[in-house]
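The signal peptide annotation in Swiss-Prot covers 1-23. Annotation comment: Swiss-Prot describes 24-137 as region 'Head domain', evidence class experimental evidence. The annotation coiled coil is assigned in Swiss-Prot to 86-135 on the grounds of a large-scale study or a structure entry. Residues annotated as region 'Coiled stalk domain' in Swiss-Prot, with a curator's inference given as evidence: 139-231. What Swiss-Prot records for 232-270 is region 'Outer membrane translocation of the passenger domain', and it gives similarity to another entry as the kind of evidence. Taken from Swiss-Prot, the feature transmembrane segment covers 270-280, 284-295, 302-308, 314-325. Per Swiss-Prot, region 'Translocator domain' is recorded for 271-325.
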Amino acid sequence: MKHFQSKVLTAAILAALSGSAMADNPPPSTDEIAKAALVNSYNNTQDINGFKVGDTIYDINGNGKITRKTATEDDVKADDFGGLGLKEVLAQHDQSLADLTGTVDENSEALVKTAEVVNDISADVKANTAAIGENKAAIAKKADQTALDAVSEKVTANETAIGKKANSADVYTKAEVYTKQESDNRFVKIGDRIGNLNTTANGLETRLADAEKSVADHGTRLASAEKSITEHGTRLNGLDRTVSDLRKETRQGLAEQAALSGLFQPYNVGRFNVTAAVGGYKSESAVAIGTGFRFTENFAAKAGVAVGTSSGSSAAYHVGVNYEW
């Protein structure tokens with residue numbers, strides 16, 4: 001049995017009033033009603049502020065008997081709020097909402113930074129692509145077949161000239177004849193030029209292979225960055241939905257509280273009243289209905305319930321007593 005159910009008290013008061021109005025049995029005494037109402041007020045205060053093991057609580061059975069007891073760990077666990085109280089629950093709710101908002105902001109900043117990294121990688125890829133184009137153009141220019149053919153023609157011409165110089169029939173003076181050393185030197189220079197061209201071509205091929213490898217590496221990094229952006233986007237969407245749900249629940253609760261605060265309590269002794277009110281907060285609205293009874297000039301009780309007008313909203317209720325002196 002949970003500590004003092006406010007709904008049970010309300011039902012007991014209304015049943016007692018209805019029974020006294022419809023039957024000959026005498027209604028409960030003012031002291032009994034006042035005692036039950038004061039106990040209810042005490043427990044409602046605990047519902048708002050919370051209670052812990054060792055605090056004093058009250059139980060009421062089906063016959064309306066009220067028993068005072070010391071709260072145990074089972075009583076705290078059986079409480080709707082776990083002994084925290086409505087104030088603490090609302091404070092935790094507000095803190096959770098603030099934490100989620102901060103997380104959304106952090107993920108947004110991380111997403112912006114990731115986008116900057118992707119832009120930098122894209123710029124590097126474009127630069128490498130341009131460098132590959134330049135290398136290909138340089139290779140085409142250095143290894144141009146026309147240049148090689150020109151070298152070959154020069155080699156052929158030199159061989160012909162050497163053969164002509166060495167022809168005894170054409171020799172007039174010793175100064176006009178190439179020596180063996182001169183001929184060997186000319187062949188060595190030509191061979192060096194051909195070797196240099198081959199070295200240049202090989203170097204350009206190596207640079208081209210390195211550039212292609214760099215492009216492949218950048219492609220892998222770009223794919224990884226795109227995957228990271230997708231994951232961050234998914235998380236951000238989930239956080240947006242969570243924040244939206246919390247915002248909706250908070251606005252619904254405030255609208256229901258506004259509606260409950262508009263309910264009236266009875267003014268005339270011995271009069272029973274029914275009251276209704278509407279309330280709203282930003283885009284949410286709620287409707288509340290309530291009832292009350294003034295027992296004496298000094299003592300009155302009332303109860304009310306509110307429901308939001310939008311789909312998926314939960315109900316809120318209150319039970320209160322008033323004692324004047």
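Keep in mind that glycine also has a Cβ here, set from the backbone N, Cα and C atoms.
Keep in mind that what you see is a predicted model, and the values were worked out from it rather than measured.
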- Remote residues contacting the transmembrane segment (302-308) - C-beta distance under 8 A, at least 6 residues beyond either end: 6, 10, 252, 255-257, 259-260, 263, 265-266, 275, 279, 284-293, 314-322
- Query: On the 0 to 100 scale, where does the mean pLDDT of the region 'Head domain' (24-137) fall?
  - Reply: 72
- Query: Per DSSP, what is the residue tally for the region 'Translocator domain' (271-325) in helix, strand and coil?
  - Reply: 0 helix, 40 strand, 15 coil
